[in-house]
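Pulled from TrEMBL:
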type	residues	note
BINDING	CYS41, HIS45, MET90	heme c binding site
DOMAIN	24-112	domain 'Cytochrome c'
SIGNAL	1-23	signal peptide
Amino acid sequence: MSLTTRTLLCAALLGVVAVPAQAADKKRDAAMLELAERHRCLNCHEVDVKVRGPAWREVGRRYRDDPEAEARLLVKVREGGSGVWGDDFMSPNKRVSDADLQALVRWILSLR
């Protein structure tokens, strides 16, 4: 098999794999945004724009290499606080279930 044929075959296979992965990412993003809306996170946050709190993509970038990030963010989101991203105070989120909180934090950390 020639190099050109192998290259074209690899490109075609990557396309077959990438399209379903992109669709799955969009579906997951929509579900997470719906969850964030339900818990009123979007009053202060957006994915790509700083509102009152930081943009979630910036949070994901800041903590991408921190192995303790998920545990620390779970506590920060649950308890609230200020000082990490400025002086604005984030309200505690005591009523958000552990499962919803973990799903949202993991999703935010996946954003780049």
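Placed from the backbone N, Cα and C atoms, the Cβ positions cover glycine too.
In TrEMBL, annotation is done automatically, which means it is predicted and not curated.
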Neighbour count (Cβ, 10 Å) for CYS41 (heme c binding site): 21
Helix, strand and coil totals (DSSP H, G, I; E, B; other) for the domain 'Cytochrome c' (24-112): 50 helix, 4 strand, 35 coil
Those residues of the chain, 6+ apart, with a Cβ under 8 Å from that of MET90 (heme c binding site): CYS44, GLY53, LYS76, VAL77, GLY80, GLY81, SER82
Maximum Cα-Cα separation in Å among residues CYS41, HIS45, MET90, which the record lists as binding heme c: 10
CB-centroid shell, 8 A cutoff, heme c site CYS41, HIS45, MET90, site residues removed: ALA36, LEU42, ASN43, CYS44, ARG52, GLY53, VAL77
Set of same-chain residues at least 6 away whose C-beta sits under 8 angstroms from HIS45 (heme c binding site): ALA36, VAL51, ARG52, GLY53, PRO54, ALA55, TRP56
Local confidence of the prediction over the domain 'Cytochrome c' (24-112), expressed as mean pLDDT: 95
